[in-house]
Every structure is written in structure tokens, then in C-alpha cells.
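Undergrad: Following this message is one structure expressed as C-alpha cells.
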């Protein structure tokens, strides 16, 4: 059984990887992925051995709060920005008290100058009050940090909590010594760390705020889509409008769409017309004109007219619901490249605590001065600096932040990745197999020429009258051509369809009811009276004389034209060093012509679904990484067999289950865009990981005091600043993907 739910209380990758590690050890858990950014988890488990309630209990034992739905954040007295501003103000106040006299004695009133026990004690008490206020503003670090420590799942908050608490306790001890007149020398008053506590917390809060703002911006793609989802719709019942919940709509319901409202579910216009904003599907800002018979998709916005539509999907299976599910899965899933960071994060925090304790002991023993309190202060500063400067967040954010921003960018291009692995793998593709009809071509064959043995208008009338009963795209091309030439429609009866061959019906022809047949050459008894040398899709029209003989009346030559810009986009793809193949069920002449015209390397014609499947198997056996690009309708086996499946779609014409990548702008440029975005994303992730590993590898030893003899020691305050800048740098570097652009050449 697969389930998705939310987890509250996670602060860094040590939290998410700790949950994964703990639950992953359970025999009944087959797979679990926890997303720190989305605060969510996807789990697959054996329902015969456990249930979701038991899994929730296991997570609660680790100190986190699992929930089936994401509860609204509790409204606090102070907003995050106000809390941050107050933290900055009180930090500056404490720094002013502790360091003002060093800059200039005139900055502080005489009563606060540390020239005697009384003023020293008063100054320290004011620092303590300021520090306690800042600690209260940053209390989440202590609540989450110590809770995680209690459950033996230490995280970034644990490091902050331990480090600042140690500094506070030491300062309180020094304050007690001053209060009890322990120091007899007026120049040997207590050494406090109240300003370090404040500065550390303030810098961490600034860093976290920048992170959260960046996360929120990156999550805007899903939020915007969810805002497009209407909660109610106007249903027509007995010529009356009734407002109903969208979840209650079933296929076949007639809905009224008012100007300015969003389409509730996928459907088809049955009365009226309108201009729809489909930018959430295609990324194109221009409105799309829709008339009777045209499909409309959930989440798109109607502009200035009202119309009636018939629902063709319920809410659960609508285009918008599928897109939201894809984005959620993409943001929640993990790329393979993140596994290394997860493994490091799982031991990172305990290792840092061990290093900090070891450094404290070593400095206490080998410190160069014989004064115990000097040695203790130095060891304590090193201990706090090591804890505070280490940055598991930089490691944890390196991959998911890039994935998050990349998915947001993809949605603006009309692209949707099924999961992070799809985004990661697209860059490795070295062979692309294209379906032809509807993928490289418009999928709407148009009549190129007509060969007729009877009056042309009569041939058009016969063919269109019969083809009107068919939903085949070729039939629609003939019907449209006849309609443009005002060919009259005839009454027909006894319609019979022979799948894969053609359609027949009784029609009034030359004053009698005759069986007229429309289809390919195999639908007729041998025809030798008309030779057609043109390349194209051949559709014959004939009269059945008897069961063994047909009379040829004429033939249509249709052509499915390539989409605009396809040739240029395939050239772009080939410039990446990727081999291209065309697989089509069309005849050899048409497929060969299409491949040569578009510059495709190889082709297979007359290909049945099994032939396409075999070709992809063959390519994979040769070590090729294969991307299959199709429309998702009749090539599902081939899509499933490929390494990366791309479905070119228009709304509900596609089932996202078959796709790794869905392009709703129905443009081959999307394939090139997906590959380039994948390359840019992985490059960005590698930059983030490189920085995160280098930062921790360099700054943790530095905080330990390895350069003490060079007079380089990091204070806890500087360590806090460095840690904040580390995670912020990863976030800002990930944001560069927002500026990703596809070059035309």
C-alpha cells in the first residue's frame, strides 16, 4: 500500500534522513521518501503487517508530528518578520552593552561601565535580559533541538541549542561569581557570552528566514495551480442553474461556465464559445479561442463570455488534479544524486557533537596558559564554534532546493516531471525515439488531392456522409474538406465499421440505396483501375457490387503535415549528440519522407505496437539510454519500456501514469527544453554539494583552532554568521535556475 502524509517539526536534512533511516529498518516498510521542503512523506508498506496509524506512532516516538493533512500554521502574536526584527534589535542592544566600552568608554553611561563589581553586575544582568528575549524569539530551535536529542535523532537545531545553552550556562556561572565577589582583582571580572548567544541566534534566524522565503517562492507553482481549482461549479438541471461541489460532478453533467470563472473539470463545449487562458498548461500567455466541440480543461480560465460544457472527466481524474499530483510527487521525491548527502547527513550531527566535545577536552588539556579559567573559556569558545559553524542545512538543501526551483521553471515552460529521478535522468539520454502522428505531425491529416471517377461533389458527398460517423482523425480530415466545399450530406443507414480497414453504409447513390465503402486498399476487392503514385495517406471510396467485387468511385490523398518548427528543434536535439529514430505505423513512403524532411537518423514504417517495443528493447540492449516521445494514447507499452517517457499532450488526452515527463504545450521544443533543464539542474546541484562539502571540510577544523598559532581563531558569533551564509548561499545559487533560458541555437 502507498500513502502520502505530512510531517511537522523537521528543521534540517538530519530530521528527514533520520525518519527515513528509522522506518526504513522496519521489515514491513518497502520504501519511504521524506521531503524536508514539502514537510511530506511518501511511504510504501505491507498493509498485512501494519497500518498508517502504527506508522504515525513510530514517527511520533522520534519527536515529530505526522498528519494526514497539512494543518494551517498557528497564528502567532508576532509575524516571522517582526520576530526577526525584534531579534536584531535586542541583539544590537546586547552587543552595545558588551562591546560598547571597547570601542569608546563614552558610548556607555558610567553606571554600565565594567569598572567595579556593581556596574559589571548591572551590565551583565541587562545583557542576560536581552539574551533571554532573543532566546525566547528563537525558542523553536530549543524545543525542536532538545526534543530531537531526547529521541536520539539530533539535528541542526540540536547543535544550535547545545552550543548556545553551553554559552549561556557558562555566562550565568560567571555572573554568579561576580555576584558573590569571587573576583578580587577589579580587572578580572566575569567573561560573558551573552552577545555570542544573541548573535548566533540572530544570524541563524536571518538565514532560516531567507531559506523559508525562497522555499515559498519555489512552491508558488503548486500554490498557483491549487488556487485555480474551483470548489464549486454551476450545474444545469431542468434548465436551472444549481451550485454544486466540484467533487460531486460526474461524467456527462452539463455545466455552465461564466465569464471570469475557472473550468471545474475537463469537458467539451456544447453551446456557446469563449477565449480561455491556458497558460497553466502550455506556459503561453495568449488566450485560446474555443467553440462548440472543442475540449476545455480544468483550471483554465474563461475570459469574457459564458458557455455550456459537458463534463468528460470527474474532478479526481481531471487535468488539473493530475498536474498537481505530478508536481507534488516531483517535489517530494528524491534524486539519486541526493543519496550521498543523505548518507553524510545521517551521521553528520552526531559526528559534529563528538568533534566539539573532543576539541573542548583537548583545548582544556593543552591550552598554552596555566590559568584554568582562561583555558576553560578558550575550550568553551571552540566547543560552541564547532557546534554552530557546522551546517547540515547546506548539505540538506543542496539537492531538494534545486529540484524545487527546476520544477517551478519547468511548469512555466509547460513541462511537468513525474519525479526527481525523471528530471535527473533526462540529461543522460543519448537516443530519442519519436512517434509520428500527433507528435512530429499535427495529427490532423488534410486532403492533398482527389482522384475521382464520378462527379467530384458527389464523391465528396458520399465520403463525408459516411465518414461523419467515424471518430478517426483521417475521417475528420475528409469531412472538414467536404464541408468547406459545401458538399451536401446524405442520409445513411446500416453503418458497419471494420477496425483498421474502413467503414461502410447504405447511401442513396444514383437513385438507389447502395453500400458505399470508405477505407484503405485492403478494405476492397483488388483495385487496378486507378494508379496513384503520390506519397500520402490513401483513402478509397467504392461501391459494393456484390460480396466479391467492388467498383472504384475515387480516392483521397491526405497528408499529415509536420508541426511548425519541428525540423529546427530536431536539429537542436541532434546537436547535443543524440541519435534520433522515427517509429510509425504509417506506410514506408510516408515515413521515409517524414524522416528525410525532418533530418531524423533512422526510421521504421508499418510498425505495430510490438515492433516499437522490440526496437526500444534492442536499443537498450546496446547500452543506449532511450527516451520515447509519443502522445500516450496507443504507445503505452513503448513508453513504459523506455528509460524516459515523454508524452506530448493536450489536457486529458493523456494519462500521466504512462509518462515521466508531460508536455502540455504539445511542442517538440519541450523535449530539448527538458534535456537542457535537466543538465542545468544537475550542474546546479553539484555546485551546491561542492560548496556544502568544502565549507564543512574547511570551517569545522578552523573552528577547532587548527590555525591558532597563526593567530586565527573563530569566535562563536563569527561561526554563527558563517553557518547562516553557508545555507543562504546554497539557496541563492539554486534560485539561479529561475533565470534558466532555452537558447534557440
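Glycine residues also receive a Cβ, built from the backbone N, Cα and C atoms like all the rest.
Straight out of Swiss-Prot:
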type	residues	note
ACT_SITE	435	active site, 4-aspartylphosphate intermediate
DOMAIN	1-67	domain 'HMA'
TOPO_DOM	1-83	topological domain 'Cytoplasmic'
TOPO_DOM	105-124	topological domain 'Extracellular'
TOPO_DOM	145-151	topological domain 'Cytoplasmic'
TOPO_DOM	173-194	topological domain 'Extracellular'
TOPO_DOM	216-343	topological domain 'Cytoplasmic'
TOPO_DOM	367-379	topological domain 'Extracellular'
TOPO_DOM	398-685	topological domain 'Cytoplasmic'
TOPO_DOM	706-716	topological domain 'Extracellular'
TOPO_DOM	736-745	topological domain 'Cytoplasmic'
TRANSMEM	84-104	transmembrane segment
TRANSMEM	125-144	transmembrane segment
TRANSMEM	152-172	transmembrane segment
TRANSMEM	195-215	transmembrane segment
TRANSMEM	344-366	transmembrane segment
TRANSMEM	380-397	transmembrane segment
TRANSMEM	686-705	transmembrane segment
TRANSMEM	717-735	transmembrane segment
Undergrad: For the domain 'HMA' (1-67), jot down how many residues DSSP puts in helix, in strand and in coil.
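TA: Its residues divide into 22 helix, 23 strand, 22 coil.
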Undergrad: Counting Cβ pairs under 8 Å to the transmembrane segment (380-397), which of 125-144, 152-172, 195-215 comes out on top?
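TA: Of the candidates 125-144, 152-172, 195-215, 152-172 scores highest.
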Undergrad: Tally Cβ pairs under 8 Å between the transmembrane segment (717-735) and each listed stretch (152-172, 195-215, 344-366), then give the stretch with the top tally.
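TA: Looking only at 152-172, 195-215, 344-366, the most contacts with the transmembrane segment (717-735) come from 195-215.
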Undergrad: Taking contact to mean 3 or more CB pairs closer than 8 A (sequence separation of 6 or more), are the transmembrane segment (195-215) and the transmembrane segment (125-144) in contact?
TA: yes
Undergrad: So what's the average pLDDT for the topological domain 'Extracellular' (367-379)?
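TA: In the predicted model, the topological domain 'Extracellular' (367-379) has a mean pLDDT of 76.
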Undergrad: Report, as numbers and ranges, every residue of the chain located at least six residues beyond the transmembrane segment (344-366) whose Cβ falls under 8 Å of a Cβ in that stretch; write 'none' if there are none.
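TA: Distant contacts of the transmembrane segment (344-366): 12-14, 17-18, 21, 154-156, 158-159, 162-163, 375-376, 378-380, 382-383, 386-387, 390, 392, 395-396, 693, 696, 700, 703-705.
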Undergrad: In the topological domain 'Extracellular' (706-716), how many residues does DSSP assign to helix, to strand and to coil?
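TA: Once the DSSP states are binned, the topological domain 'Extracellular' (706-716) shows 4 helix, 0 strand, 7 coil.
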Undergrad: To see if you understand the setup: which same-chain residues, six or more apart in sequence, place their Cβ under 8 Å from that of residue 435 (active site, 4-aspartylphosphate intermediate)?
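TA: Spatial neighbours, sequence-distant, of residue 435 (active site, 4-aspartylphosphate intermediate): 583, 584, 612, 628, 629, 630, 631, 635, 638.
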Undergrad: Short question: which residues 6 or more past the ends of the topological domain 'Extracellular' (706-716) have a Cβ under 8 Å from it?
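TA: Result: 163, 167, 193, 196, 199-200, 381-382, 384-385, 388-389, 699, 722.
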Undergrad: Sequence-remote contacts (6 or more beyond its ends) of the topological domain 'Cytoplasmic' (145-151), Cβ cut-off under 8 Å?
TA: 9, 11, 14-15, 18, 61-63, 157-162
Undergrad: Check residue 435 (active site, 4-aspartylphosphate intermediate) against DSSP and tell me helix, strand or coil, would you?
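TA: It is in a strand.
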